[in-house]
Amino acid sequence: MVDHKRTCKQVLLLAYQSFGIVFGDLCISPLYVYKSTFSGRLRDYQTEDTVFGVFSLIFWTLTLLSLFKHVIILLNADDNGEGGLFALYALLCRNSKVSLLPNQQAADEEISTYHDPDHSSRNAHSSRFKAFIERNRKAKTGLLVFVLLGISLDFSVGVFRPAISVLSSIDGLQVKLENMHSGMVVFLACLVLIGHFVLQYRGTYKVAFMFAPIVILWLLTIAIVGVCNIVKWNPRVYWALSPHYIYKFFREKGRDGWMSLTGVLLCITGTEAIFQDLGQFSAASIRLAFCCVVYPCLVLQYMGQAAYLSKNISATSISFYASIPDPLFWPVLIMATLAAIVASQAIISATFSIVKQCYALGCFPRVKVVHKSRWVRGQVYIPEINWVHMVLSLAITVGFRDTNHLANAYGIAFMSLTFVTTWLTSLVIDFVWHQSFVFTLLFALFFGSIEIIYLSSSCTKILRGGWVTLLITAAFLVVMFVWHYGNKKRYLYDQHNKVSMKTILTLGPSLGIVRIPGIGLIYTELVNGVPATFTHFLTNLPAFYQVVVFVCAKTVHVPYIPTKERYLIGRIGPKSYRMYRCIIRSGYKDVHNHDDDFENDLVTSLAEFIQLEAEGFGNVNGPVDGWLAVVRTSEKFGKRMAVSESNSIEGISSSSSPPFNANSSKSATLQRLHSMYEEESLDVKYRRRAQFKLLETKQNKDMHVKEELLELLEAKCAGVSYVIGHSRIKAKWNAPFLKRFVINVAYSFLRKNSRAPAVVLNIPHICLIEVGMNYHV
């Protein structure tokens with residue numbers, strides 16, 4: 001009983017918070033739906049039946065596409081509680097062999113969040129369509145392009161939404177201030193947009209508590225206004241709830257009625273946030289908020305506007321503000337502006353999250369991702385995207401200067417995105433839920449046919465603003481696909497040119513070079529084998545560190561990976577080589593703070609691996625590069641070596657040996673340079689230091705194990721260096737012209753204008769070694 005009450009309170013709290021993030025844009029739509037619908041030839045039909053027909057279309061569109069499709073069905077297609085296009089694609093990749101990520105491993109399938117027990121595909125019957133896509137590489141590529149198209153459309157929606165929301169809310173000034181020039185409205189909208197984007201870096205955690213009350217107050221206000229208009233102007237408007245009025249509408253208006261659907265579809269703009277923002281809440285809380293508050297309030301508002309217009313058909317261009325009683329006009333105008341800002345904030349934050357997911361899956365150039373611990377979990381800020389977003393929003397606001405033209409472009413982007421979501425959900429129903437082909441086809445045809453009708457109507461407005469949507473979407477899609485294509489070619493080159501284990505074994509424990517104190521971390525995208533970067537380095541400088549760790553940071557098709565399962569540790573070659581592999585796995589929504597002490601975590605994980613190996617897990621003396629261990633899931637993890645914070649220079653000690661001097665292996669010059677760097681660098685000065693101490697355990701008493709552990713800790717104290725490839729990629733001279741253009745021009749341009757890998761990985765500049773490599777792909 002107590003647990004039930006606690007669960008109910010949690011659902012109610014999440015439902016309350018969802019108003020400020022999920023439903024902002026959906027609730028602001030009444031500002032411009034009727035205005036846009038009657039902006040075309042439909043304004044020539046000034047009858048009550050026309051208004052009733054439009055309201056009936058709005059009601060059933062909101063009911064079918066928002067309530068039934070998104071709230072009832074789509075919220076079930078979550079990926080470990082996460083929603084959005086990438087969640088759908090990740091579900092497809094995990095439950096079928098359609099992934100194009102190159103460095104996936106069988107060990108990834110053992111992650112606790114990888115398989116959904118409710119929809120396990122291990123013993124499920126595979127459909128013919130699924131088998132076709134799995135066998136056909138072009139089909140896999142087509143699926144990825146389809147997903148990237150949806151992401152590009154989502155970005156376009158994010159560009160138009162702040163502009164149309166803010167501009168339509170401030171438009172109300174012209175109702176009371178009739179002499180106010182439209183240019184002043186645009187100017188005020190631009191000021192609001194600029195201020196909103198400039199403040200993004202500060203985060204919204206300080207004012208986020210105000211978002212939900214603003215939207216709730218807005219919804220209740222427009223619902224009350226709607227009821228007043230129904231009672232005052234036309235109580236018979238509820239007749240329009242019958243779909244019969246839709247039939248009459250198209251029978252009488254024909255092609256003009258079909259073209260007006262461009263405005264009607266705006267009543268569901270913002271619906272995609274119901275599924276996209278699922279990860280911050282729960283399906284139960286979103287359903288509760290939508291069904292009990294959002295849906296009835298919106299229906300009452302649209303019904304009230306229809307009642308008003310049925311008696312004042314000439315006021316269609318200002319229907320929302322004209323229908324507001326005079327005493328409530330200014331309070332409603334202020335609330336509309338605040339609600340528009342809340343709606344804009346939600347889509348801006350969602351855009352940052354989408355770009356971060358694209359980057360994590362190798363489909364977007366390297367950007368700076370900022371996350372602060374005091375922000376909401378998963379909330380990020382990307383400076384480059386913020387400024388591009390601001391410039392585009394300002395450009396279309398100034399360029400269009402009118403909500404009708406903005407609505408044309410916005411409608412195409414939104415309905416195309418909805419169509420992509422429908423077909424991806426159909427694949428999830430087939431591949432993941434393992435429903436019958438008939439059920440899958442019915443879902444796709446029913447909702448897809450409705451969306452095709454709306455989309456075809458929107459396409460008639462391409463020359464009236466819709467072309468801007470196509471331009472932004474195409475540009476974003478080209479950037480993502482070029483980056484993905486270039487990365488894939490680079491990975492295949494690395495895979496083809498990696499060094500064989502036979503070559504490594506012939507070099508002996510010293511690798512034919514001088515081994516100096518310290519740890520060398522070699523970053524690579526390969527999850528097996530030795531990258532050519534390592535041998536290229538040794539060819540030019542035949543010396544390296546006594547401990548070598550090949551580090552691969554990769555993304556897995558799950559939203560989050562538990563901290564204990566992030567590190568995969570293995571050995572390369574015999575023990576005497578002191579060569580290890582560390583694979584760091586992240587989910588596509590994982591955000592890691594730069595405050596995390598990677599070096600100490602790595603040393604602790606390596607030490608645990610050495611002791612697990614001594615206990616008999618894996619092949620102790622095997623020379624091959626194979627066995628990997630998830631060391632942090634061990635019950636003894638962290639219990640066999642003490643780690644304590646220290647304000648002094650890092651050191652090590654053993655319970656049976658005196659502490660090791662951290663600077664003993666460095667020359668006087670290096671010690672002096674290191675001290676100077678510590679004094680000048682705030683990052684190092686305030687960096688958390690750790691002192692390691694071996695505890696007396698059964699495995700630590702083994703002389704070989706103890707020797708290897710002490711050597712590891714000694715190397716850690718001597719210093720850690722990061723080796724990363726600095727590649728120059730060119731297409732082969734005999735490659736097709738299109739490939740040479742993509743690699744030599746487009747991909748090279750993106751690489752030169754994106755963040756350096758060392759910056760993204762937060763590698764200290766003083767510890768960085770870059771190895772030049774030429775790639776001919």
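Quick reminder: no glycine exception, Cβ is built from N, Cα and C everywhere.
A quick note: this is a predicted structure, and the numbers were derived from the prediction, not measured.
Feature annotation from TrEMBL assigns domain 'K+ potassium transporter integral membrane' to 14-505.
If you look up TrEMBL, you'll see 517-776 marked as domain 'K+ potassium transporter C-terminal'. Per-residue confidence over the domain 'K+ potassium transporter C-terminal' (517-776) averages out at a pLDDT of 74.
Residues or ranges marked as transmembrane segment by TrEMBL: 12-34 (among others). The list of residues near the transmembrane segment (12-34) in space but at least 6 beyond its ends in sequence, with Cβ under 8 angstroms from a Cβ of it, reads 54, 58, 66, 161, 164-165, 168-169, 171, 208, 210-216, 218-219, 222, 263-264, 266-271, 273-274, 277, 280-282, 285-286, 288-290, 293-294, 297-298, 301-302, 305-306, 309, 316, 319-320, 336, 339-340, 342-347, 349, 403, 407.
Feature annotation from TrEMBL assigns transmembrane segment to 54-75 (among others). Within the chain, the transmembrane segment (54-75) has long-range Cβ neighbours (under 8 A, six or more residues past its boundaries) at 26, 33-34, 37-38, 42, 83, 237, 240-243, 245-246, 249, 260-261, 264-265, 267-268, 271-272, 274-275, 278, 283, 286-287, 290-291, 295, 298-299, 302-303, 305-306, 418, 421-422, 425, 443, 447, 450-451, 454.
Tertiary neighbourhood of the transmembrane segment (142-160): same-chain residues 85-86, 88-89, 92, 98, 100, 133, 269, 272, 276, 347-348, 350-351, 354-355, 358, 363, 389, 392-393, 396, 406, 409-410, 413-414, 416-417, 420-421, 423-424, 427, 469, 472-474, 476-477, 480-481, 484, selected by CB-CB distance under 8 Å and a gap of 6+ residues from either end. For 142-160 (among others), the entry in TrEMBL reads transmembrane segment.
Residues or ranges marked as transmembrane segment in TrEMBL: 180-199 (among others). Nonlocal intrachain contacts for the transmembrane segment (180-199), taken as residues 6+ away from its ends with a CB within less than 8 angstroms of a stretch CB, comprise 162-163, 166-167, 170-171, 173-174, 337, 341, 344-345, 348, 386-387, 389-390, 393-394, 397-398, 401-402.
Summarising the annotation, TrEMBL assigns transmembrane segment to 211-233 (among others).
Summarising the annotation, TrEMBL assigns transmembrane segment to 257-275 (among others). Note on the transmembrane segment (257-275): residues 21-30, 32-42, 53-54, 57-58, 61-62, 65-66, 70-71, 74-75, 77, 83-84, 154, 157, 161, 249-250, 286, 290, 298, 302, 343, 346-347, 350, 407-408, 410-411, 414-415, 417-418, 421, 453-454, 456-458, 460-461 of its chain, located 6 or more positions outside it, place their CB under 8 angstroms from a CB of the stretch.
Annotation comment: TrEMBL describes 287-308 (among others) as transmembrane segment.
Annotation comment: TrEMBL describes 328-348 (among others) as transmembrane segment. Remote same-chain residues near the transmembrane segment (328-348) are listed as 20-22, 24-25, 27-28, 31, 157-158, 161-162, 165-166, 168-170, 172-173, 175-176, 192-193, 196-197, 200, 204, 211, 214-215, 217-218, 221-222, 225, 270, 273, 277, 321, 386, 389 (criterion: CB distance under 8 Å, separation of at least six residues from the stretch ends).
Summarising the annotation, TrEMBL assigns transmembrane segment to 406-429 (among others).
What TrEMBL lists as transmembrane segment is 436-456 (among others).
The transmembrane segment feature in TrEMBL is assigned to 462-483 (among others).
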Interface present between the transmembrane segment (287-308) and the transmembrane segment (462-483) (three or more C-beta pairs under 8 A): no
Among the ranges 287-308, 406-429, 436-456, the one whose Cβ pairs under 8 Å to the transmembrane segment (211-233) are most numerous: 287-308
Chain residues outside the transmembrane segment (287-308) and at least six past its termini with a C-beta under 8 angstroms from it: 11-12, 15-16, 18-19, 22-23, 26-27, 29-30, 33-34, 51-52, 54-55, 58-59, 62, 66-67, 71-72, 75, 216, 219-220, 222-223, 225-230, 232-235, 237-238, 240, 267, 274, 315, 319-320, 322-323
